[in-house]
Amino acid sequence: MRLTDRAAEAIRAFLGVGARPHRQPEQDTRFSFLEHPSAPHDLSRLRGSRSAPGSTRGAASHSRETSSSSVSYLEPSQSAPAVGVQLRDDSSPIKRGWGKFIDSISPTKARRKEKLMVDDDPLDGEEGELVDDEGFFDSAKARARIDIISLLPVELSLYIFSLLDVSTLLSCITVTHYWKALATDDAVWRCLFHAQPGWRIDVEAAHHHLATNTQRQREEALEHSGIPIPGSSARNPRVSISSILSSSLLLPTIFSSSPTPSSKSHRTSFQASKMASRASSADHGDLDDFAPVPLDWKDIFKTRFILEKRWRSGQPKVRQLMGHQSLVYCVKFDRDRIVTGSRDKTIKVWSTQTGRLRSTLRGHDGSVLCLKFDSATSFMVSGSSDGSILAWDFEKGVITRKITKAHAGGVLTLDFDDKWIVSGGRDNSVRVWHRANQELHRVMNGHEGPVNCVILQGSTLVSASGDAKLIMWNIETGEILRRFEGHSRGIACVALTTHRIISGSKDPYMKLYDSDTGACLETVKGHHDLVRSLAVDPNMGRVISASYDKSLKVWDLDSEGKQLKLVRDFPDVHESQIFDVDCDASRIITASYSNVVTVLDFGFDLDTSLFA
């Protein structure tokens, strides 16, 4: 076991058995990590009077300064809220464990212990020997208080704390001021956040957030002082131990937002140690993909924790968007806008944050049955019951291309990526179009019923049909790679996760398939009528199903991808059949027969803008 792993285990054991935090009498000192204040940042004060590396001060001077310090780890003062480590007795397994750990990292332990156990006063001036005074008793146990963390380099202490689980880390906050500073450090909470399975930060949004805050601080500085000072701020920026280390170029592979290429192997081992310490099976990616340190990671962790609790307990804020004159067939959204298509032949764009109607787009001669958009390029495609496909610049609200006879019948489904647009229609065909110019590339025939859903993923396409079959295609060659069977009635929807395909049918079952072998891993009956639409949050392994039985259900895909577990049911949110559903980390949005768009917002009153 590595040194840092032994340290983390020792901290857990110490907090569980050996530590007794100081408590003020007649006060409720119960602690919640949702409420604790920010950590102090004066490292020299937090460490007490511990000599800096290279200091030549003597042991006696060190002892006297320590006794007068406001925070001490050898003899904690009564006025400070800090505590020392009180070892129970010589036979205590915790004492033996700490002793072994101290031995492993401190070759001068014996010499340090001798300094701790010897005072200046008990020396007999004439004989130069210790006075054997039977009237004075000095307990070795009372003097055996030592804070090993304060004796380590700050970088190593932070690394050890980054290996701890949440409950242990929160317990560390109550030990001493210095431990509190370490346990509330941004770098530690950053590691803890990314160690949670499925928790992700939108790195682009994080950089935008930092740039916006920096600009706001500069504007406030100019407003208050009237003097344009580049980089100045009207308020003190957030300071943490790791930010100090990062600014001084210490330990860049752990705390820098832009690790050097030469540190690749170190980053990999660091990440692996975090994963192992939390027994997490999630793939956290490389540290280069992590958002930068200057964010308030403790607050971000708290926000995400509350958000996940609301998902589990089923506590969203529900609101309805009304504006369509007929039933709403399709809905897609991102963090800025919701786009819906309706039987009233219109496409409406709404604000995701406020629900305000932004614009109404017209161009189809029939019901708008399907659509998809890309905010980064302002590109959108929509399909209609009139058989047409329209390409839009939806920021300008203009049609850039109209394909009048895309299918011989209604266009039931659409998907696209950077290269291709794929459509499925009532004519039983799947058609592939060039995204750049919307020219037809290939027609793929293989289904014996209407193609109700297509999903594009790389060079692979999966289509679902009313013939009760799923087909996996190679989009480059048009070759059928695999057929998936098992449903007894038409398949209305399909969703993809890593190596898994999920389908919903009128039978009314959901099936989970292995996309590599074609094997059906599980059949689930959760709805009582047609499973009309599926949405997936691939980061969390969360699946949302919507049905004609007017209910929404939230499922978790287990870590092995072999089982769907029902987490939450929303049977009373809708008054009519649900046609479409979409989701992200904080919302579920549906389109239904009752002309309304329903938003289930689990992130109300929270800033969820950074979550991917």
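Residue numbering: from 1, along the chain as shown.
From the backbone N, Cα and C atoms, a Cβ is placed for every residue, glycine too.
Caution: TrEMBL annotation is automatic and unverified by curators.
According to TrEMBL, the protein has these features:
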- 66-79: compositional bias 'Low complexity' (COMPBIAS)
- 270-280: compositional bias 'Polar residues' (COMPBIAS)
- 35-86: region 'Disordered' (REGION)
- 256-283: region 'Disordered' (REGION)
- 321-360: repeat 'WD' (REPEAT)
- 361-402: repeat 'WD' (REPEAT)
- 404-443: repeat 'WD' (REPEAT)
- 444-483: repeat 'WD' (REPEAT)
- 484-523: repeat 'WD' (REPEAT)
- 524-565: repeat 'WD' (REPEAT)
Are there residues at least six beyond either end of the repeat 'WD' (484-523) with Cβ under 8 Å to its Cβ atoms? List them, or say none.
449, 452-453, 455, 457, 462-472, 529-536, 538, 541, 543, 545, 547, 549, 557, 561-564
Other parts of the chain folded back onto the repeat 'WD' (321-360), taken as Cβ under 8 Å at six or more residues beyond its ends
205, 366-373, 375, 380, 382, 384, 394, 397, 579-582, 584, 587, 589-599, 609
Please count the residues of the repeat 'WD' (404-443) that DSSP assigns to helix (H, G, I), strand (E, B) and coil.
0 helix, 22 strand, 18 coil
Long-range CB partners for the repeat 'WD' (524-565) (under 8 A, at least six residues beyond its ends), listed in sequence order, are 197-200, 281, 311, 492-500, 502-506, 508-512, 571, 573-585, 588, 590, 600, 612
What does DSSP give as the helix, strand and coil breakdown of the repeat 'WD' (321-360)?
0 helix, 24 strand, 16 coil
Sequence-distant residues near the repeat 'WD' (404-443) by C-beta distance (under 8 Å, 6 or more away from its ends) are 366-367, 369-372, 374, 379, 381-389, 391, 449-456, 458, 461, 463, 465, 473, 475, 478
Excluding the flanking five residues on each side, which residues at least 6 beyond the ends of the repeat 'WD' (444-483) place their CB within less than 8 Å of a CB in that stretch?
409, 412-417, 420, 422-432, 489-496, 501, 503, 505, 513, 515, 518
